[in-house]
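S.K.: Okay, handing you the structure first.
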């Protein structure tokens, strides 16, 4: 049995914590385990990576990243979601709980990433090596640029954005 979340699990967690996704934060949640696996595969993340995930939400993608053996630093602005994320990981994938580090903050306010060396993290990765995010339209470009400026150790990244944002990035 996979520890990844399905639509029923997501709905159940959201109901338990009284979550109502907000339009102002552009909250949307990946609910298909196969989509999560495709995202993780495309990102090229493995057990040697220290992944920065912006906006982990209910943890769908977080669990997929942890499933690879990578360590994850999740940056979450919503306190309700940030409070739930470690519980979800602990329940669905307890063997990976010590590879999750949580920063409760607006990603644009993060000026320093947490020090590595999480207990039990055998990856050896100290600086972040991968950036994976499912960003809302209204903050996609500023958050992406800010994260890229925080470290010079990125080796891979996968950022999901709306088509309009992707067109803007490609245009220049």
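Don't overthink the numbers, they just go from 1 along the chain as shown.
A Cβ is built for glycine as well, from the same backbone N, Cα and C atoms used for every other residue.
The feature S-adenosyl-L-methionine binding site is assigned by TrEMBL to 28, 30, 55, 76, 106, 134. Annotation comment: TrEMBL describes 35-171 as domain 'Ribosomal RNA adenine methylase transferase N-terminal'.
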S.K.: Once the DSSP letters are reduced so that anything not helix or strand counts as coil, what is residue 55 (S-adenosyl-L-methionine binding site)?
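M.R.: Residue 55 (S-adenosyl-L-methionine binding site) sits in coil per DSSP, no helix or strand.
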S.K.: Write out how many residues of the domain 'Ribosomal RNA adenine methylase transferase N-terminal' (35-171) are helix, how many strand and how many coil, based on DSSP.
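M.R.: Helix/strand/coil tally for the domain 'Ribosomal RNA adenine methylase transferase N-terminal' (35-171): 63 helix, 26 strand, 48 coil.
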S.K.: Starting from the Cβ of residue 76 (S-adenosyl-L-methionine binding site), draw a 10 Å sphere and report how many other Cβ atoms land inside it.
M.R.: 24
S.K.: Can you give me the same-chain residues 6 or more apart in sequence from residue 55 (S-adenosyl-L-methionine binding site) with a CB-CB distance under 8 Å?
M.R.: 75, 76, 77, 107, 133, 134, 135, 136
S.K.: Within 10 Å of the Cβ of residue 30 (S-adenosyl-L-methionine binding site), how many other Cβ atoms can you find? Include all protein chains, please.
M.R.: 19
S.K.: In sequence order, which residues at least six apart in the same chain have a CB under 8 Å from the CB of residue 106 (S-adenosyl-L-methionine binding site)?
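M.R.: Within the chain, residue 106 (S-adenosyl-L-methionine binding site) has Cβ neighbours under 8 Å at 77.
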